[in-house]
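Here's the structure, in structure tokens; my notes come after.
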Amino acid sequence: MRFFSVGVGGILGALARYAISLLLNDKGMLPWGTFAVNVGGCFFIALFLTLVLHKLSGQSYFVLAVATGFIGSFTTFSTLSVEGIVLFQTSAPLALLYLGLTLLVGFIFTWFGYATGQYILTTGWGQRWTGLSVKGERNG
């Protein structure tokens, strides 16, 4: 059942990545679709794991489907690498800028996802939504 959960999430994540790439990759010199899915994936995996691991095991079917399946197939390091090499052939400075910017913005968005999750968990709204405090203790 775990493999099935990862597979279903993976199919949906790959389809979402493909759709975003179709929408954004022809919008200029840089592969913006790959940039968007990788940076967005950084935000969403940090947010998701910050919120759900307070309630669910890391091996739950839902966590596997979303984190490993959907977000894992939604983001793409291999495409980033290939597009970086292709871009490097036309402009080394632009390729280095693109790759460096992707890493930097990815780390920043990961932090934003984590901080957003922590904020949600420590507000009244977040405690109502999850039923847990930031320490993982059940509220009243």
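Each residue, glycine too, has its Cβ placed from N, Cα and C.
What TrEMBL annotates here:
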{"type": "TRANSMEM", "residues": "35-54", "note": "transmembrane segment"}
{"type": "TRANSMEM", "residues": "61-82", "note": "transmembrane segment"}
{"type": "BINDING", "residues": "Gly72, Thr75", "note": "Na(+) binding site"}
{"type": "TRANSMEM", "residues": "94-114", "note": "transmembrane segment"}
Q.
So if I exclude everything within five residues of the ends of the transmembrane segment (35-54), which remaining residues of that chain have a CB under 8 angstroms from its CBs? That is, six or more out.
A. 16-17, 20-21, 24, 62-63, 66-67, 71, 74-77, 80, 98, 101-102, 105-107, 109-114, 116-118, 120-121, 126, 130, 132, 134, 136
Q | Cβ neighbour count within 10 Å of Gly72 (Na(+) binding site) | A | 18
(Q) Under a three-state reading of DSSP, tell me whether Thr75 (Na(+) binding site) is helix, strand or coil. (A) coil
(Q) Return the residues near Thr75 (Na(+) binding site) by Cβ distance under 8 Å, restricted to its own chain and a separation of at least 6 in sequence. (A) Arg17, Val37, Asn38, Gly41, Cys42, Ile45
